[in-house]
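**Q** What follows is a structure written as structure tokens; I'll ask about it next.
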Amino acid sequence: MINSLLTRLFGSRNERQLRQLNSIVAKINALETELQKLSDTALQAKTTEFKQSIQDGKSLDKLLPEAFAVCREASRRVLGMRHYDVQLIGGMVLHLGKIAEMRTGEGKTLVATLPVYLNALAGKGVHVVTVNDYLARRDAAHMGRLYNWLGLSVGVVYPGMPHSDKQAAYGADITYGTNNEFGFDYLRDNMALSKADRYQRGLHYAIVDEVDSILIDEARTPLIISGPADESQDLYIRVNRIIPHLTRQENEEAEGDYWVDEKGKQVHLSEVGMERAEELLHQAGILEEGDDSLYAAQNLSVVHHLNAALRAHALYQRDVDYIVRDGEVVIVDEFTGRTLAGRRWSDGLHQAIEAKEGVPVQRENQTLASITFQNLFRIYKKLSGMTGTADTEAYEFQSIYGLEVMVIPTNRPTVRKDYPDQVFLNRSSKFNAVLEDIKDCAQRGQPVLVGTTSIEISEMLSEHLRKARVKHEVLNAKQHEREATIVANAGLPGAVTIATNMAGRGTDIVLGGSLDTVLAELDPDATEEDRFRVKTAWNRRHEAVKAAGGLHIIGTERHESRRIDNQLRGRAGRQGDPGSSRFYLSLEDSLMRIFASEWVQKVMRLMGMKEGDVIEDRRVTRQIERAQRKVEAHNFDIRKNLLDYDDVNNEQRKVVYAQRDELLDAESIKENIDSIRHEVIDALVTRFVPEHSIDEQWDLPGLQATLQSEWGLHLPLIEMLKGREEVDAERIAFLVQDAVDKHCAEREASIGAETMRALEKHVMLTVLDQGWKEHLATMDYLRQGIHLRGYAQKQPKQEYKREAFELFSEMLEHVKREVIASLARVRIRSEEEMATLEEQERRQVDTLLRQSQFQHQEAGGYGAGDEAVSLQRQPAGQGAAIAQVIRDTPKVGRNDPCPCGSGKKYKHCHGLVT
């Protein structure tokens with residue numbers, strides 16, 4: 001009550017901030033008349049003037065009014081588009097490192113030019129992040145005309161482009177690309193063997209288009225670069241044959257072999273199911289005779305394959321979650337309906353689905369590098385984003401990314417009509433109503449966009465419309481190539497467009513069809529009269545569609561997130577145009593069945609409803625929205641859970657990547673190598689000659705043999721110590737250190753100091769990369785089973801942190817030993833031989849990256865489903881703390897505390913490796 005009273009008196013925080021920004025808008029507008037008088041050359045010279053001001057110490061904030069005014073005037077001259085006042089506000093919000101919520105059709109692409117231009121003046125690079133390659137190339141080409149005119153360079157990055165071209169694109173003032181490409185290039189750069197092989201020059205400022213799609217929807221899917229692992233594909237096929245012999249239970253208590261947790265996306269074997277599975281596995285010869293338990297240590301691989309096969313059959317549907325094309329299983333993005341060619345689910349799930357569909361099973365992969373979008377985008381020194389729908393996720397943006405959401409007013413009032421949901425008993429009644437609505441719109445000349453949640457439904461609707469002889473277009477993963485054309489025509493009178501889950505997002509649907517598209521199709525020699533005739537015809541179509549009610553949106557199912565529903569609705573009513581929307585639901589829809597059906601069924605029974613009857617009531621809509629909020633909270637918990645685990649990996653990743661950067665930047669690492677060698681020798685001597693021990697406990701022959709076998713150093717220790725009095729462990733360590741130092745000095749003298757320095761760097765990088773790769777595999781195994789610690793009354797996350805730290809420390813100790821042993825064993829005789837070795841290694845990395853898979857990690861890959869259940873049993877408040885938001889990852893100083901959490905200084909802990 002007090003909050004609402006204060007809001008009425010002083011306005012909301014959003015309103016107060018808008019008032020502050022409006023005062024800056026007035027300053028920008030005051031400069032317009034003066035800038036309009038400038039010649040093109042004088043206006044273009046402003047860019048050089050701004051750059052000089054920045055070098056002289058002037059801040060970007062001080063430059064903002066004039067820079068925005070220059071960008072607006074340049075846009076008017078080059079693109080024929082002048083920024084509205086609300087677009088200036090949107091640009092300021094983006095510059096301030098916030099999220100601008102702007103409705104569809106408000107010109108987000110044009111808004112971005114303002115902060116992009118201003119921040120690119122600093123010369124550190126600006127990344128404009130889009131959801132697909134088509135939008136990246138389109139926006140780079142279109143807006144690139146403006147930036148180039150103003151004297152700034154523009155690049156675009158996409159998969160498969162030549163190395164030198166990609167380096168040039170990242171070297172440009174402004175770089176366009178997808179979130180995946182920026183992420184994978186970051187990981188690739190941290191696998192590079194020299195500075196010259198790296199693409200990026202640091203992550204300074206990013207503007208994320210459709211920020212909710214990238215930072216929320218895709219936050220559960222880490223980016224993974226993986227290479228082939230040594231795993232037999234035959235086992236997937238053999239285990240797959242067993243699944244049809246297992247019986248699915250209706251629920252956890254019912255009879256059968258396994259039950260499906262649709263909320264947690266998990267499949268669980270019952271006690272009976274375990275016995276039945278063991279019996280079938282024995283019959284198939286997969287479990288050997290004498291193996292009395294499926295869960296015996298030697299059978300963990302079989303359990304892994306069985307779980308993957310169960311999930312493939314029970315949770316993943318063809319033409320919903322994936323399609324089969326050209327003998328391959330191709331993932332369908334659940335949020336956009338697009339295919340994700342080249343992406344593979346991990347943890348053996350993709351192979352299990354291949355076995356289920358009877359297509360060739362490809363080898364399982366080993367993780368080489370990975371990062372979540374959450375941690376990738378938190379590396380940027382400044383981050384901002386724009387979307388039509390962010391306010392419903394404002395808490396998540398603030399708590400995870402430290403990003404505040406500001407709602408930007410529309411240029412014209414929204415007049416779209418959002419009708420109440422219509423709820424039916426079953427799907428057939430629902431789709432009959434949908435078809436009638438579509439036919440009614442088509443007859444009246446009103447364009448209609450039908451949003452579906454899967455390819456299967458879109459094709460079913462298409463078949464019904466074809467039989468009814470209703471002309472229509474289908475936009476889903478299978479028609480990706482025609483996407484822009486279909487969207488451009490979706491606003492034509494009577495046009496019917498079926499779109500899978502917001503595919504085509506990023507292109508406005510213009511009432512009457514896209515005028516630009518029609519003009520572009522004109523003959524290059526067309527006269528002004530021809531162009532006028534085309535524009536007149538378009539105006540007639542535009543007015544006819546407005547008179548028919550504008551674009552009508554039909555939703556065939558509620559999505560898990562209200563935001564996705566709002567995105568679909570937001571396609572209508574752009575820039576003050578008329579429009580309408582309605583969702584058609586049934587009790588058989590996934591969301592209704594899992595979360596909302598009981599209450600609605602009760603209402604329907606009380607009302608005596610029969611098949612074909614419909615409920616249209618705001619109370620039902622509110623109940624459904626409550627169900628959606630439940631799912632949103634559940635999905636937030638999963639994303640937060642993923643982040644909690646990945647934050648552990650992220651601290652380790654930062655240490656390893658920081659060390660790689662130091663290695664690549666350093667001219668010489670001789671001091672580091674000497675320090676590591678002495679530490680390794682001390683540990684080796686202590687192993688055979690323990691401190692404070694008597695000589696009877698020493699194993700001098702073992703020490704001598706190890707130095708010979710691992711180091712190639714013949715050191716007759718026993719003879720050297722004969723006749724000496726008061727020999728202790730410290731004296732022996734000194735003798736060994738001295739001998740090894742002389743041995744290394746002799747090797748350096750024989751091949752030359754320069755070659756030795758190059759060899760040290762090469763060996764350190766190679767061994768560190770190999771150790772990190774093996775550590776990632778170990779962490780994967782740890783993560784997959786960590787939820788089981790909950791049964792031992794232990795906190796899985798705390799156990800994961802503890803064991804991850806121990807594993808990381810062991811990995812670094814192993815790296816130290818292996819580096820010194822490798823340097824002792826490698827035989828290099830000349831600089832030419834060293835150069836050949838480096839080139840071979842570089843080619844191997846290039847080949848590995850070409851053969852690698854760029855994957856989406858399966859959402860439950862962090863034990864999320866199991867742990868989410870165990871977290872619900874905790875006392876209130878446990879595990880609820882919000883992680884501190886880290887927006888930047890500065891270089892760790894040698895005297896700073898080590899990021900691993902040991903409490904030691906960095907130089908005495910993990911910094912010692914480099």
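Any Cβ shown, glycine's included, is placed from N, Cα and C.
As annotated in Swiss-Prot:
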BINDING   GLN87, GLY105, GLU106, GLY107, LYS108, THR109, ASP508  ATP binding site
BINDING   CYS898, CYS900, CYS909, HIS910  Zn(2+) binding site
**Q** If you count other CB atoms within 10 A of each CB, which of GLY105, GLY107 wins among these binding-site residues?
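**A** Counting every other Cβ within 10 Å of each candidate, the maximum falls on GLY105.
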**Q** Which one of the binding-site residues (GLN87, THR109) has its C-beta surrounded by the most other C-beta atoms within 10 angstroms?
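**A** Buried the deepest by this measure is GLN87.
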**Q** Give me the long-range Cβ neighbours of GLU106 (ATP binding site): same chain, 6+ apart, Cβ under 8 Å, in sequence order.
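**A** Once residues fewer than 6 apart are set aside, GLU106 (ATP binding site) is near VAL86, GLN87, GLY90, GLY388, ILE408, THR410, ASN411, ARG574, GLN575.
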**Q** Within 10 Å of the Cβ of LYS108 (ATP binding site), how many other Cβ atoms can you find? Include all protein chains, please.
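**A** There are 23 such Cβ atoms around LYS108 (ATP binding site).
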**Q** How big is the ATP site in terms of the longest C-alpha to C-alpha distance among GLN87, GLY105, GLU106, GLY107, LYS108, THR109, ASP508, in angstrom?
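**A** Across GLN87, GLY105, GLU106, GLY107, LYS108, THR109, ASP508, the two farthest Cα atoms sit 17 Å apart.
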**Q** Under a three-state reading of DSSP, tell me whether LYS108 (ATP binding site) is helix, strand or coil.
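**A** It is helical.
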**Q** Using a 10 Å cut-off, grab the number of neighbouring Cβ atoms around the Cβ of ASP508 (ATP binding site), all chains included.
**A** 19
**Q** Applying the rule Cβ within 8 Å of the centroid of the Cβ atoms of GLN87, GLY105, GLU106, GLY107, LYS108, THR109, ASP508, what extra residues of the same chain belong around the ATP site?
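**A** Not counting the recorded site residues, we get MET102, THR104, LEU110, VAL111.
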